[in-house]
Amino acid sequence: MLRSVFLAAAGSSRMERLISSAPVSKGIVRRFVAGDGIDDALRASRELADDGLAISLDYLGEDTLTAEQATATRDQYLTLLARLKDAGLTPAAEVSVKLSALGQKVDDRMAYGYAQEICAAAAAAGTTVTLDAEDHTTTDSTLEILAELRKDHPATGAVLQAYLRRTEGDCRELATAGSRVRLCKGAYAEPESVAYQSALDVDKAYVRCLNILMSGAGYPMIATHDPRLIAIAEDRARWFDRSADEFEFQMLYGTRPEEQARLAAAGHTVRVYVPYGDQWYGYLMRRLAERPANVAFLGRALTSKK
Ligand SMILES: Cc1cc2nc3c(=O)[nH]c(=O)nc-3n(C[C@H](O)[C@H](O)[C@H](O)COP(=O)(O)OP(=O)(O)OC[C@H]3O[C@@H](n4cnc5c(N)ncnc54)[C@H](O)[C@@H]3O)c2cc1C
């Protein structure tokens, strides 16, 4: 119930104006977002890298409706990748890209062209790109663009969402040699026709997808904070005889940092997804939808006088 309220709010421009303009919203944003600019992204990346963690940086923004905005997003990623290289933060840090921020919904050829430039810049900087998964209306286009990008940049990562009924099939398609695949539960409000609705069904689908990826030839990237799924993934790694460099765990910035440290200390690769930028509204609403405890922070932020 609460989840659908926050996911509906994620698409409301009235709510966006209200929450984005409340000065104290910044407090809760700081928990999940590294800061507004590239310097903040570099600082957070340095801290995580010093702690032995890998990073995937996300420049916040989605559903871009103008070519100018898409071009500005492309430029931001090109600058970010150059700065990461200069700072010696590659290959520890890669980037995550939302094709909708590159104008996918306006002109998917433009989004493809910009993604291609970002992949080339990432390769020149000695690192990789992962294409985030967005709502289900974009899945076919995103996977088609991924296949095209992989012709020149085979290390480009895919993201598959376990809650989509189609995803077991996509896992089979993508569990090939060298294929980097992030498996997450899925963060958007989706209809029953395309997505499992109950938490139990989503968890069961996640395990089925995990089995396909962990037994396949690709490189699974297990993106979850769920202790049961993490334990099952560790079990499958033993079962399918995968060494520590043949899969990784991924978690979001600000979420379960002790667990991130525990897994890294146990010898696993742990990559932290680090968002930055001032377009944080949609991202924040999806985080609130996931965890009722996060809502208390927002309530305090909005009612605080400071
Ligand atoms: C690295 C990464 C990248 C992602 N990329 C995408 C993407 O491209 N597209 C997309 O749709 N979604 C993406 N997501 C979001 C994802 O789909 C889920 O919405 C999000 O991860 C919440 O699901 P969960 O698996 O963590 O488990 P949940 O179902 O949210 O939580 C399960 C259990 O985990 C534990 N837990 C969760 N959060 C906390 C916490 N803060 N503190 C303590 N315990 C906690 C609790 O025990 C909880 O019951 C990504 C997630 C990660 C981690």
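Cβ coordinates are placed from backbone N, Cα and C, and glycine is handled just like the others.
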Exercise for the section: Given that TrEMBL annotates LYS185, GLY186, ALA187, THR224, HIS225 as FAD-binding, name the residue from GLN161, GLN197 that shares the site. Expected result: GLN161
Fill in the blank from the handout: Between the two most distant Cα atoms of the substrate-binding residues LYS98, ARG286, ARG287, the distance in Å is 17
Handout entry: Of GLN161, LYS185, GLY186, ALA187, THR224, HIS225, i.e. the binding-site residues, those within 10 Å of ARG287 (substrate binding site) when Cα atoms are compared
Key = ALA187
Problem - Cβ-based neighbourhood (8 Å from the centroid) of the substrate site, residues LYS98, ARG286, ARG287 excluded - result: ALA10, GLU62, ALA187, PRO275, GLY282, TYR283, LEU284, MET285
Problem - Integer Cα-Cα distance in angstrom, LYS185 (FAD binding site) to ARG286 (substrate binding site) - result: 12
Practice task
Note down the number of other Cβ atoms within 10 Å of the Cβ of LYS98 (substrate binding site), including every protein chain shown.
Solution key: 25
